[in-house]
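Peer 1: From Swiss-Prot, here are the annotated features:
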BINDING   Arg23, Glu83, Lys122, Lys445  (6S)-5-formyl-5,6,7,8-tetrahydrofolate binding site
BINDING   228-233, 247-253, 272-275  GTP binding site
BINDING   Asn228, Thr247, Ile249, Thr252  K(+) binding site
BINDING   Ser232, Thr253  Mg(2+) binding site
DOMAIN    218-368  domain 'TrmE-type G'
Amino acid sequence: MINDTITAISSGGKINQAISIIRVSGPDSVNVVKKIFTGKVGTSHTITFGNIVDNLNGNEVIDEVLCMWFLGTNNFVGEDTVEINCHGGVVITNSILELLLANGARLAEPGEFSRRSFLNGKMDLIKAEAINDLIHASTVSQTKLAIKKFDGKTSMYIQDLKDELAYLIGEMEVSIDYPEYDFDNPFTDKLISRLESIRNKISKTIELSQTSRMIFEGIKIAILGKPNVGKSSILNAILEEDKAIVTDIAGTTRDIVEAMWQYKGLLFKFIDTAGIRDTKEKIEKIGIDKSFEQIEKADVVLHIYDPSQNDNEFDSQIKNKAHSLNKIYVPVINKKDLLETTNDEFLYVSAKLNDLDPLKEKLVSVFKNVDLNNDQYVNNSRQLALIKQAHKSLEDAIKSIKLGYDPDVVIIDLRQAWSHLTDITGRADNELLLDEMFKNFCLGK
């Protein structure tokens with residue numbers, strides 16, 4: 001039960017600005033504010049004017065403010081809440097916060113208002129995470145993805161999957177408790193068909209979510225190739241800054257260099273890697289091993305070639321590993337100014353001449369057809385991991401049925417699938433999950 005009153009600066013407090021907002025929420029929020037506010041206590045969803053005074057030092061006036069009253073449960077937090085709109089000076093804002101703390105409120109933890117909103121049933125974790133995603137969005141596509149989650153349709157889609165599973169679990173429980181009960185045998189083709197239908201929906205969600213996750217967390221692009229083909233030069237030219245060291249000495253890049261880049265509403269995360277070659281130098285070899293590891297982590301593999309160098313076994317290894325892992329593979333020939341002819345197998349660029357438009361447009365084209373209006377996807381790695389776990393549990397259940405296992409074995413996997421789906425929208429009893437998630441929210445949110 002939530003039984004204390006919390007406060008934090010929701011807007012402002014770090015730089016001087018026009019207006020700051022201080023939020024107070026909890027069972028004693030009205031009484032705490034009344035101690036330092038000279039105006040009237042308004043009815044719910046009204047605004048009243050008055051002074052904030054220092055009641056501990058002769059009622060000295062601190063500021064003229066507007067108080068917004070949100071009483072009862074019909075508000076964001078789901079409990080009595082007051083928002084004080086004061087002048088936005090850093091000193092004034094923090095002075096009012098200190099008065100609220102001195103008069104009985106506790107400083108809120110990061111994300112605690114949103115956590116209370118979740119615990120009070122005002123929103124689920126999908127919307128809570130969407131709010132945090134919107135606050136931290138750095139591209140137009142990220143903003144659209146976050147706002148899309150506000151309408152609750154994704155939550156309803158997850159709930160529908162849970163309801164379908166719950167019905168089947170209920171049927172199986174009856175067959176376990178009352179084996180003599182005459183109804184559809186849970187090991188019939190009909191049950192398998194229904195489970196496969198749910199699994200196929202989840203498979204589609206995973207497919208859609210891979211792309212939405214890339215858009216929100218950044219599309220990971222690993223730049224690979226032999227030494228001195230221009231990997232670092234291409235990265236620097238795209239970023240328009242000297243992020244990576246460029247020399248004529250083979251093996252200059254020995255560790256991973258990462259950089260974020262925004263282009264046409266998308267966020268890209270470039271990973272420049274060590275040139276891949278046969279070497280006995282221990283440190284360089286470690287860097288080369290890391291380069292191959294990045295193929296597994298990447299969404300896109302940029303394979304850079306130099307027309308003045310012949311292809312070798314390392315080029316084949318890069319290409320084959322990217323294809324074996326079903327990565328988006330983009331072969332790029334740098335130093336196009338050295339060529340007289342081209343073919344359609346490669347993209348042709350010149351880092352030296354800053355001629356990189358074909359590469360930029362290729363990267364955008366891969367993701368331009370993403371359907372941001374689809375409700376059947378989840379946004380982040382936490383949600384995606386859970387939907388994948390639910391998918392695996394369903395696969396295990398279907399396999400167990402086909403192998404003729406007893407219902408009490410099959411039902412374990414079905415309950416696990418249901419539990420994973422439930423964790424996507426959130427359960428109030430999962431304290432570790434809530435702690436981990438809300439700690440990343442802003443203070444005052």
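Note that Cβ sites are derived from N, Cα and C of the backbone, with glycine treated the same way.
Help me picture these features in the structure, burial and contacts included.
Peer 2: The Cβ of Lys122 ((6S)-5-formyl-5,6,7,8-tetrahydrofolate binding site) lies under 8 Å from the Cβ of Thr73, Phe76, Val77, Gly78, each of these being in the same chain and 6 or more residues away along the sequence.
DSSP assigns Asn228 (GTP binding site) to coil in the three-state reduction, placing it in neither a helix nor a strand.
Every protein chain considered, the tally of other Cβ atoms within 10 Å of the Cβ of Asn228 (GTP binding site) stands at 20.
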Peer 1: List, in sequence order, the same-chain residues at least six positions removed whose CB sits under 8 Å from that of Arg23 ((6S)-5-formyl-5,6,7,8-tetrahydrofolate binding site)?
Peer 2: Thr7, Ala8, Ile9, Ser10, Thr81, Val82, Glu83, Ile84, Ala108, Phe113, Gly444
Peer 1: Please report the number of other Cβ atoms within 10 Å of the Cβ of Ser232 (Mg(2+) binding site).
Peer 2: 24
Peer 1: At a 10 Å cut-off from the C-beta of Lys231 (GTP binding site), count the other C-beta atoms across all protein chains.
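Peer 2: Result for Lys231 (GTP binding site): 31 neighbouring Cβ atoms inside 10 Å.
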Peer 1: Reduced to three states, what secondary structure does DSSP give Arg23 ((6S)-5-formyl-5,6,7,8-tetrahydrofolate binding site)?
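Peer 2: Its secondary structure by DSSP: strand.
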